[in-house]
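Since the structure comes first, as C-alpha cells, the remarks are kept for the end.
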Amino acid sequence: MLRYWTAGESHGKTLLAMIDGFPAGLTIDEEPINRELARRQGGYGRGGRQRIETDKVEVMTGVWKGLTLGSPIALQVINRDYKLERLDDLPRPRPGHGDLTGAIKFLGPIRAILERASARETAVRVAAGALAKQLLAEFGIQVYGFVDELGGVAIERPENVDDVDAMVAKRDESIIYSLNPGQDPAFKEMIDKTGKAGDTLGGIVEVRVVGAPFGLGTHAQWERKLDGKLAQAVMAVQAIKGVEIGMGFEAARLPGSQVHDPIHYDASQQDTTSLGYTRPTNNAGGLEAGMSNGQTIVVRAAKKPISTLRKPLESVNLETKETDAASYERSDVCAVSAASVIVESVVAFEIAVAMVDKFGGDSLEEMKARYQLFLDMARKR
C-alpha cells in the first residue's frame, strides 16, 4: 500500500514527508520536484514569505545510487524562515482559520494550531506528488493543473485541453497559471486592487489526468472508490471548500440524456488506454462507479479567499472576551495559483496509490509487467 505522512510547522526547522510503499527501481530526479516546489511559491498575488523561502527537496532515505529501494522514502524541505521559538501567541483568533476551534479542542495556544494548520505544510505534499508523477510517467500517465476561475471571473480555455505539453506551455506563460495568458493583465489589475483594499481572492482550479487506464479504484467497497479518494485528498488541502468530478454539480441541473456519456467503439484506438472504447463527451470526468473508465480524469476544486485579511474582521480576545479586530499574520492576497499546484500534486499521488493497488508495487519492473498483462487481457475482453 502506497501512502505518506507529513510533519513540521510553518516556522519550524523543517518539513518532512515520509512515503511508504513506493516501488523499488525508479530513478529519482530531484530537479522536477524542485520545479514543482518553485511553482508552488509562484503565481501573482503571493506574500512576503515566498521571497524568504527558496524551497529545495532533500531525499533523506530510501534511495541508493539514485534508485528507489522499496523502503520508506523521507523527503525534507528546510524552512529558511525558522523562528518558531521566538514567536508569541496570538490573542485574537482569525475568522476562517482553525485558530479558535483548534485552541479549544487542544486546550492550548493559537500558535500551536496555526503553525501546523498553515498551508506551508503543503510544500512537502507537493514534493511527494512530484515524486508520484515520476512513477506515473513510467506508464505514460500525465497530470497537470491550472486556474480556471479567479475572483468569480471564468477564464477562457483552448479546445484541446488534453494536449498536455501544449497546455502546460500555455499555463507556464501565465502569471496566474491559467490556460489563457492573454487575460493576465485584467487579473493582475484585479489582484492589485483587492490587495490595496486589504482583501483577498479565491478561485477554482482544475486538474486533468491524461492516460490513466481502465480499472483504477473499485466499486466493491465505498472507501476504495477512486472518486471518493480523490475528493478526500483534495478537500484535505488547506482552504479548499468544494470538489467536483467531471461535470460535478451541473449534472444535478440537467436531464440524464444530457449528462451521461454515450459509448462507442473505434478499433483504431484499441492500442490506447481507452482500449478502443470512445465517448463523444466526458461529463463523468473519467470515473464511473468509483473506477477509472479510460478517459481523462477531471477534478475541480474551489479555493476560498485567504482567511488572513490586512483589514481584519471582528474577533474576540480570548482572555478578556472583548470584541476586537482579529490578529494579523503575514499572508497573501491570492494563492489560487499555488492551490492549482498543490491540488495537482495530491491528485497525482492518489493516482499513483491506485496504480500500485491495481498492479502491485514491490518493484517497478514487476509493476510494468502486470500493467502490460492487464492491457493485453483487457483488449481480448
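Including glycine, each Cβ sits where the backbone N, Cα and C put it.
Annotated features in TrEMBL:
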{"type": "BINDING", "residues": "R40, R46", "note": "NADP(+) binding site"}
{"type": "BINDING", "residues": "R116, A117, S118, Q238, A239, A289, K304, P305, I306, S307, T308, R330", "note": "FMN binding site"}
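Under the DSSP three-state reduction, R116 (FMN binding site) is assigned to helix. Using a 10 Å radius centred on the Cβ of K304 (FMN binding site) and all shown protein chains, the other Cβ atoms total 17. Around I306 (FMN binding site), the same-chain residues six or more apart in sequence whose CB sits under 8 Å from its CB are T200, L201, G202, A239, S331, D332, V333, C334, A335, listed in sequence order.
For the binding-site residues listed here (R40, R46, R116), the lowest count of other CB atoms within 10 A around the CB belongs to R116. The shortest Cα-Cα distance from R40 (NADP(+) binding site) to any of the binding-site residues (R116, S118, K304, T308) is found for S118. Of the recorded residues, K304 (FMN binding site) and R46 (NADP(+) binding site) place their C-alpha atoms 15 Å from one another. Under 8 Å, Cβ to Cβ, and six or more positions away along its own chain, T308 (FMN binding site) finds R94, G96, H97, T200, Y328, E329, S331.
Take the CB of A239 (FMN binding site) and look out to 10 A: across all protein chains shown you find 21 other CB atoms. Here R46 (NADP(+) binding site) is positioned 20 angstrom away from R116 (FMN binding site), judged by their C-alpha atoms.
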